[in-house]
Amino acid sequence: MQKENKQLCLISLGCSKNLVDSEVMLGKLYNYTLTNDAKSADVILINTCGFIESAKQESIQTILNAAKDKKEGTLLIASGCLSERYKDEIKELIPEVDIFTGVGDYDKIDILIAKKQNQFSEQVFLSEHYNARVITGSSVHAYVKISEGCNQKCSFCAIPSFKGKLHSRELDSILKEVEDLVLKGYKDMTFIAQDSSSFLYDKGQKDGLIQLISAIDKQQALRSARILYLYPSSTTLELIGAIENSPIFQNYFDMPIQHISDSMLKKMRRNSSQAHHLKLLNAMKQVQESFIRSTIIVGHPEENEGEFEELSAFLDEFQFDRLNIFAFSAEENTHAYSLEKVPKKIINARIKALNKIALKHQHNSFKALLNKPIKALVENKEGEYFYKARDLRWAPEVDGEILINDSELNTPLKPGHYTIVPSAFKDNILLAKVLSPF
């Protein structure tokens, strides 16, 4: 179909799960010409994030900036989590927006634009294999969302209040999507959800993610993959073993523990324990060439100095390859919202101390890759002189990047899988030479 003589600027905020929904909207708006310049766009579509306070502020500021910069007659649309979470008041709070829609109508965005109407469907949208997507950012990597929503009841998290309960895709639908994406050239994928390790729990199956790994292995279409967002209480030694034994899934373990102290885990309503965390983490560490990422929250209400010191000592001892550190964010409709807060000054001091630990071990993780062959994915050209790549175990964007100098190559590189040797690194960037494709 011929493209309309109209330009679309889509701004996707927040997580990779949001990005998949943004790509579905691009699939519905394929007849628009894409632009990164909001000032020249005829439609500005902002897929918002409403997870924590800083994300909400970023979404609001992005909307206000677009409203200020847009040309006369441009349609300004706010979709996604922020719109959904505050749907009852957001129309009055941000009147500059022409169309509001939440997390249930990504596949109807073309209709909403045509009718210029707001819509908030009750059912949370979950992309299926038949939903056309425009994959962004890479010609060889794609995200695959396996479920929506979450059945956990963490004290600090508002996500279930606007994303609903766990809703898993059928395994056959995921396999069909993987097959279709591979035919389009996407040979590396990252499987994502709010709680990936609970995949198919809502359908009465406790080993859903193991089933998925086994089915992908048998399909033999993908070259490489990894899984994000394992939840401790639904992660098992059997799941770790399935990842370890897979020829396709990398030994990449992303499991947000949030804390290590038993008393804090209880306050956070994490439905897990220090002993269970240690059992899983030690099993992950024993996997050959494993890469372990986690997330912690600092300053949750009632976190005392002893609990913080216990966390600090553990993080220094365990040595995560990557660690996200978040300050507690008080969110409406959560158990922790009304509890007595830890002073911000104390939270900031604790974060500073933990950042020092995290950066030390991140530095060592990079250093361990130097001067030895590793498997990597070359994705695209970065500027005029370098190709951008990443360790196959790494997730896109968050774990670092590798640059390959094109002046050291005899022929240009095509996106794909290569064996490389990193020789130096600085500021989360490795410099490497290519040995050969594999």
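Here the Cβ of each residue, glycine as well, is placed from N, Cα and C on the backbone.
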The [4Fe-4S] cluster 1 site in Swiss-Prot lists Cys49, Cys81. Which one of Cys9, Cys15 belongs there according to the record? Cys15
Hey, of the binding-site residues listed (Cys49, Cys81, Cys150, Cys154, Cys157), which one tops the CB count within 10 A? Cys81
Cα distance (Å, whole number) from Cys157 ([4Fe-4S] cluster 2 binding site) to Cys81 ([4Fe-4S] cluster 1 binding site): 13
What mean pLDDT does the predicted model reach across the domain 'MTTase N-terminal' (6-118)? 96
Pairwise Cα distance for Cys154 ([4Fe-4S] cluster 2 binding site)/Cys15 ([4Fe-4S] cluster 1 binding site) [Å, integer]: 19
Can you tell me how far the Cα of Cys157 ([4Fe-4S] cluster 2 binding site) sits from the Cα of Cys49 ([4Fe-4S] cluster 1 binding site), in Å? 14
How far is it from Cys150 ([4Fe-4S] cluster 2 binding site) to Cys49 ([4Fe-4S] cluster 1 binding site), counting Cα to Cα, in Å? 16
